[in-house]
Amino acid sequence: MTRYIFVTGGVVSSLGKGIASASLAAILEARGLKVTMLKLDPYINVDPGTMSPFQHGEVFVTHDGAETDLDLGHYERFIRTTMTQNNNFTTGRVYEHVLRKERRGDYLGATIQVIPHITDEIKRRIIKGAGDADVALVEIGGTVGDIESQPFLEAIRQLRVEVGSKRAMLMHLTLVPYIATAGETKTKPTQHSVKELRSIGLQPDVLICRSDHPVDVSSRRKIALFTNVEERAVISLEDVDTIYKIPAVLHAQGLDDFVVERFGLQCNGADLSEWEKVVDAKLNPEHEVTIAMVGKYMELLDAYKSLIEAMSHAGITNRTKVNLRYIDSEDIENQGTALLEGVDAILVPGGFGLRGVEGKITAVQYARENKVPYLGICLGMQVAVIEFARNVMGWKDANSTEFDRTSGHPVVGLITEWEDATGAVEVRTEASDLGGTMRLGAQECLLEAGSKVHDCYAKDVIIERHRHRYEVNNKLLPQLIEAGLKISGRSGDGALVEVVEAQDHPWFVACQFHPEFTSTPRDGHPLFSGFVKAALAQHQKKA
């Protein structure tokens, strides 16, 4: 039977519930347990797919093609379980399902209410998402006291009663601020946060106290006294220099022992040797490179969360400190390529819309002409094709129909038909809804032997995740190839371009898929590892 750990947050948002939850999950997995994780988002959007990156941050794409919260990226980086569409749902998704049932008449004329209909649907989805795992950690987004969170908190209150105290526990993250002028940490915000929880029938079993200073024994004892939580279950979690230290921090305070004892689970001790190796490689690099990341959402770096982490992982696997120089593509449009001088490699990530595209194209041209290693992802591949068409082939009006529908050389256009991961045919038009209509999820890609990308993967066939609705225009592809553009990867059916490379260049690879979604700190990712190796070679050549 599955045991549930419900995770809530109080006092302020952005305390790191996702990372703390994933770290505990990593320890439990290291003890031999089958672990999964869920994220419940209280916002009304059906999913984050159409939300602005400036508001929501990254949209993480699962293997089965769900557009989900970025916390699922943390989950997959910390545990081996692959997330699916069942591991993340929103208020909007819940209401959409309940209202569809009401329209069908499934409720037989009953008055639809938050309790029981909405809460029952939330509980059903939690149980479904947990599957057959030994332990499921269920993170509720937002902060206790938010009006949007109330149905979710009520649902987990009910579920705790239904499954019993031996199968459910509540872990609450709070802020314990350090007052420098007083030289002490303050526990009152935590006390009030727990009071808020208890007022709706939820008693925490574990408190994770977030602070920029260690929470001393006397403060933890005081918190335990006023919150009715066991003293050993009051955990101090201060800021660390790498998030991959957190499993060891929680383990050292006995959190996993407390959970295992509480649930009556029989399992081995935690083997955290893999995480020790990750931390050692992260904190003790032997080399250093600087890579320019040219994007359009630089005001909120969470928009590139998985990509930034993937670059860190590549640094770990290469024992190299990767310094990312974040450059807004609009700044290149205004200030020129001087912003790129001195870097060891250039990375252009995905994005949507016309703003900043010309700056990305300029960055591609700089990388190609100056033989600087280049990695383009999604839009980063499309702008590489546009740049090649303009500056190598002389098609000065070359563009994507996303940006210019009147272009005389639309080298990138809307995909109107493709096969999804199950083999079903998907059809789209310009009039299709934006939400959930892209080519999403894991797809096969066939790599050309002898190419740079094949050298990285050392495989003929790979599977990577996608999120796009535009592709290289097959009608103009023969002319692009004839002019020297190397097509080194195609979709499983051969219909779509997946990877392009520049010839006579030390390392220039651009892919339509998103490899960052499958990179992990313990395993890295072959494409990013190859990219950092190329950057390191460039750095050593300059030296």
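Backbone N, Cα and C atoms are what each Cβ position is placed from, and that goes for glycine too.
Other Cβ atoms within 10 Å of the Cβ of Cys378 (active site, nucleophile) number 22 in total over all chains. In the three-state DSSP assignment, the secondary structure recorded for Cys378 (active site, nucleophile) is coil. Taken from Swiss-Prot, the feature active site, nucleophile covers Cys378, and the record attributes it to sequence analysis.
If you look up Swiss-Prot, you'll see His514 (among others) marked as active site, on the strength of sequence analysis. Secondary structure at His514 (active site), taken from DSSP and collapsed to helix, strand or coil, is coil. Counting every protein chain shown, the number of other Cβ atoms lying within 10 Å of the Cβ of His514 (active site) is 22.
Taken from Swiss-Prot, the feature active site applies to Glu516 (among others), supported by sequence analysis.
For the recorded site, Gln191 (UTP binding site), the DSSP three-state label reads helix. The annotation CTP binding site is assigned in Swiss-Prot to Ser13, Asp146, Ile147, Glu148, Lys186, Thr187, Lys188, Pro189, Thr190, Gln191, Lys222.
What Swiss-Prot records for Ser13, Lys186, Thr187, Lys188, Pro189, Thr190, Gln191, Lys222 is UTP binding site, and it gives sequence analysis as the kind of evidence. Every protein chain shown contributes to the tally, and the Cβ of Lys188 (CTP binding site) ends up with 13 other Cβ atoms within 10 Å.
The ATP binding site feature in Swiss-Prot is assigned to Ser14, Leu15, Gly16, Lys17, Gly18, Ile19, Asp71. Residues within less than 8 Å, Cβ to Cβ, of Leu15 (ATP binding site) and separated from it by at least 6 positions along the same chain comprise Gly9, Leu173, Thr174, Leu175, Arg210.
Its Cβ taken as reference, Glu139 (Mg(2+) binding site) is surrounded by 27 other Cβ atoms within 10 Å in the chains shown. Annotated Mg(2+) binding site per Swiss-Prot: Asp71, Glu139, in sequence order, evidence recorded as sequence analysis.
Neighbour count (other Cβ atoms within 10 Å of the Cβ, all protein chains): 19 for Glu402 (L-glutamine binding site). In the three-state DSSP reading, Glu402 (L-glutamine binding site) counts as coil. Annotation comment: Swiss-Prot describes Gly351, Leu379, Gly380, Met381, Gln382, Glu402, Arg469 as L-glutamine binding site, evidence class sequence analysis.
Taken from Swiss-Prot, the feature domain 'Glutamine amidotransferase type-1' applies to 290-541, supported by sequence analysis.
Under the heading region 'Amidoligase domain', Swiss-Prot lists 1-265, citing sequence analysis as support.
In the predicted model, residues of the region 'Amidoligase domain' (1-265) average a pLDDT of 95.
Spread of the CTP binding residues is 31 Å (greatest Cα-Cα distance among Ser13, Asp146, Ile147, Glu148, Lys186, Thr187, Lys188, Pro189, Thr190, Gln191, Lys222). Residues Gly350, Phe352, Cys378, Val383, Ser400, Val412, His468, Tyr470 surround the recorded L-glutamine site, their Cβ atoms falling within 8 Å of the Cβ centroid of Gly351, Leu379, Gly380, Met381, Gln382, Glu402, Arg469, which are themselves excluded. Between the alpha carbons (Cα) of Thr190 (CTP binding site) and Glu402 (L-glutamine binding site) lies a span of roughly 49 Å. Under 8 Å, Cβ to Cβ, and six or more positions away along its own chain, Asp71 (ATP binding site) finds Lys17, Gly18, Ala22, Lys39, Phe60, Asn88, Glu139. Among the recorded positions Ser14, Lys188, Lys222, His514, no residue is found with its Cα located within 10 Å of the Cα of Arg469 (L-glutamine binding site).
If you compare Cα positions, Cys378 (active site, nucleophile) sits closest to Ile19 out of the binding-site residues Ile19, Pro189, Lys222.
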